[in-house]
Amino acid sequence: MAEPPGGAAEDSWGKVGPGSRRAGPPALFMENARKGSIVSRANSIGSTSASSVPNTDDEDSDYHQESYKESYKDQRRRAHTQAEQKRRDAIKKGYNDLQAIVPTCEQQDFSIGSQKLSKAIVLQKTIDYIQFLHKEKKKQEEEVSTLRKDVMALKIMKVNYEQIVKAHQDNPNEGKNQVSDEVKFNVFQGIMDSLFQSFNASISVTSFQELSACVFSWIEEQCKPQTLRDVVIRVLHKVKSQLY
């Protein structure tokens with residue numbers, strides 16, 4: 001029996017059986033469209049889900065950078081605070097040392113009571129004490145210079161006495177020809193007697209003013225080197241004549 005036209009086509013599209021619908025071309029097209037829509041919706045949901053998932057790597061990196069920045073700022077702030085504290089401690093220690101070293105800072109200042117000395121007062125007292133030390137140093141240097149001169153003079157005297165002692169040891173008989181103290185006194189007495197005679201003859205005691213004028217006039221006239229030389233020669237001749 002010959003197959004009806006379109007039978008092969010019906011087999012290619014679907015079998016027809018009892019209780020079933022024929023699946024023709026429109027039904028297959030709609031089925032494929034429905035599947036495509038589902039796939040599209042799945043892809044869309046997947047992309048949306050993927051885009052909505054947070055990028056934990058980038059966020060971790062930003063978090064670490066922010067933490068590093070905050071940590072660096074904290075370190076800088078901490079270092080600055082420590083340096084400032086050290087500076088203040090050093091200044092405080094310096095003022096405490098000045099108060100311990102400078103004697104005037106330890107003394108009680110009744111003008112300000114028992115309150116703690118201010119930094120300005122400590123500095124002023126330190127300046128005054130340094131100026132005092134400079135004056136004392138200069139004074140001590142002058143005393144040392146004077147003592148050195150005295151030492152030098154004593155050394156010269158020592159050398160002279162050593163020479164005298166040595167000369168006396170080399171010439172032990174030299175002292176036998178020396179004059180006595182009595183002879184020296186007689187020479188001195190003769191000079192003074194001569195001067196007193198001229199002084200008594202020239203000086204007037206009518207008034208103190210006249211006495212002063214006469215004394216200066218006598219010194220100018222009778223105490224000239226040539227006049228004194230003549231007096232000494234006359235006295236020495238007189239004493240010599242008495243000895244021999």
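Note that the numbers count up from 1, one per residue, in the order the chain is shown.
Here the Cβ of each residue, glycine as well, is placed from N, Cα and C on the backbone.
Per TrEMBL, the listed range annotated as coiled coil is 130-157 (candidates: 130-157, 158-185). Averaged across the coiled coil (130-157), the predicted model reaches a pLDDT of 92.
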